[in-house]
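J.: Right, I'll just put the structure down here and ask away after.
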Amino acid sequence: MFPLSNGPGAGPYPYRLKWEKILRNNRFKTLLIAYTLSQLSEGMTQTALTWLAFRSANNHIGLVATISLLQTLIPFFIIVPAGFLADRIPAPPLLAGVNLFKGATYALIPLISLFGPASESSILTIVILTAILSSFFIPAFGAMLPTLVPADSIKKANGWILIFGQGGYLMGPLTAGVLLFHLKAPWIILISGTGFALSAIILILIPVLPSGKPSPAPHLSEGKRPFPGARKDVRQILHLMRQRPKLVLAILTLGIYGTVNAPLPILFPLMATDVFKMDKGFYTILAGSYFSGAFLSGLTIIRFASVPALMLISGGFGIAGISLILVSLTSSAVVGPLAFIMAGGGLAIVQPLVNEWLQKEIPRPLLGLTFSMTWLIFLVSSLIGIRGVSFLVEKIGIHVLVEGAGFVLFCLSGVLLFSTHFLSRVSKGNS
């Protein structure tokens, strides 16, 4: 007989309470609320800002493209120093400060609009300031989680973060889209800026450590670090990575994810017209389907928390590969979005699993910098993917490109599975 009880009040649903256990952690729930609100505000801001930039540039996309480029390039240059500082500043005040100043900075747009339309230079200045602030959020947020939940709950916590964060980010454009019928874009940005400020207030209420106890995350021995300073920290991280080849392999999959994920949204309008023979507006359905796959990823991580991360990533790549091949072979307006849900779910599983691995394996004093270094790999891969796809789509066409990407992902799934098995055998042999 299978056990039917998981504690007080359990019924004949053994997985339900396991999923909900982490949600009974008040500290984690507070973080989840703040993060969801932050993502909702981010989605609203990006939608309203894109519309404002489009209108400010007399219905040309040049300013929109410049904003997108700045929001990618600025973190590329400063995310590593941001991670170094994130290891030396308590996470709740840092995250709260980032969101508070982002909200205040975005609030300058409606203030400027009181005296006339916001100029391109003022919009770009605000974008640069907020991009600098955003660079601190990822390493600080990633390094904070191990101080809030037990080590055996980190994987499920990352799954819930993916679900709620993606939900908030998807609700942002929908909310902004409705509000644009009633309000001008600067006032929507003011509302989203207020959301950032509210999330900052919630974040500051989270204690740094539970009851003054040491962090449950692994940490270095007492006393001075063996390598003080930023460069020494990098050496220490690289030393830890050499001892963990499976973790290095997982980080490389994050690069693959960035290479495929970043250019896909650029291709959605072209797919709508050339692959599915639909109106350009159909691209919003494709984009929504792809990004909603993150919900499937989050549920998979929670449900199969006991499965090794590399096995889940391998399965995700395989599913994404098959789905993209199916997209290239069909023109069905029903099958296409369903395939993109599966593709999005297969790819989105990578980042939370890599995050969980880092949070368990890397000492807390180095965790923020490690997150920055891995995120740098993701950014570089994303830029390569965008540039490569822009070139290849002109040379080989959209059908061949999507089919080729699917085939490569499917093959990488097998390579990853074999590499995982090989590294496990080598590790056992060395021990």
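Just so you know, the numbers here start at 1 and follow the chain as drawn.
Heads up, the Cβ atoms here are built off N, Cα and C, so glycines get one too.
So TrEMBL says this about it:
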- 60-82: transmembrane segment (TRANSMEM)
- 94-116: transmembrane segment (TRANSMEM)
- 122-148: transmembrane segment (TRANSMEM)
- 160-181: transmembrane segment (TRANSMEM)
- 187-209: transmembrane segment (TRANSMEM)
- 247-270: transmembrane segment (TRANSMEM)
- 282-302: transmembrane segment (TRANSMEM)
- 309-329: transmembrane segment (TRANSMEM)
- 335-354: transmembrane segment (TRANSMEM)
- 366-386: transmembrane segment (TRANSMEM)
- 398-418: transmembrane segment (TRANSMEM)
J.: When you scan the chain for residues with a C-beta under 8 Å from the transmembrane segment (282-302), skipping those not six or more beyond its ends, what do you find?
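T.: 19, 155-156, 158-163, 166-167, 169-170, 264-265, 268-269, 271-272, 276, 312, 316, 333, 336-338, 340-349, 352-353.
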J.: Using a Cβ-Cβ cut-off of under 8 Å, list the residues of the same chain that are 6+ residues beyond the ends of the transmembrane segment (309-329) and lie near it.
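T.: Same-chain contacts beyond the ends: 155, 246, 249-250, 253, 256, 260, 271, 275, 297, 300-301, 335-336, 339-340, 342-350, 353-354, 356-357, 399-400, 402-403, 405-414, 416-417, 420.
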J.: Quick test of the contact rule: Cβ under 8 Å, at least six residues beyond the ends. What residues does that give for the transmembrane segment (366-386)?
T.: 72, 75-76, 79-80, 82-87, 138-140, 142-143, 146, 217, 220, 230, 233-234, 236-237, 240, 251-252, 254-263, 266, 351, 354-355, 358-359
J.: What parts of the chain pack near the transmembrane segment (160-181), using Cβ distances under 8 Å and only residues at least 6 beyond its ends?
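T.: Contacts with the transmembrane segment (160-181): 22-23, 28, 32, 35-48, 51, 145, 188, 191-192, 288, 291-292, 294-295, 297-299, 301-302, 348, 351-352.
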J.: Do any residues of this chain, six or more beyond the ends of the transmembrane segment (60-82), have a C-beta under 8 angstroms from a C-beta of it, and if so which?
T.: 49-50, 53-54, 120, 123-124, 127-128, 131-132, 134-136, 138-139, 230, 369, 372-373, 375-376, 379-380, 382-383
J.: Are there residues at least six beyond either end of the transmembrane segment (398-418) with Cβ under 8 Å to its Cβ atoms? List them, or say none.
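T.: Residues 249, 253, 256, 260, 267, 270-271, 274-275, 310-311, 313-315, 317-318, 320-329, 346, 389, 392.
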J.: Could you pull out which residues elsewhere in the chain have a CB under 8 Å from any CB of the transmembrane segment (247-270), counting only those six or more residues past its ends?
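T.: Counting only partners 6 or more residues beyond its ends, the transmembrane segment (247-270) has Cβ contacts under 8 Å with 241, 280, 283, 286-287, 290, 309-310, 313, 317, 320, 347-348, 350-351, 353-354, 357-358, 361, 374, 377-386, 388-390, 393, 398, 401-402, 405, 409, 412, 416, 419-420, 423.
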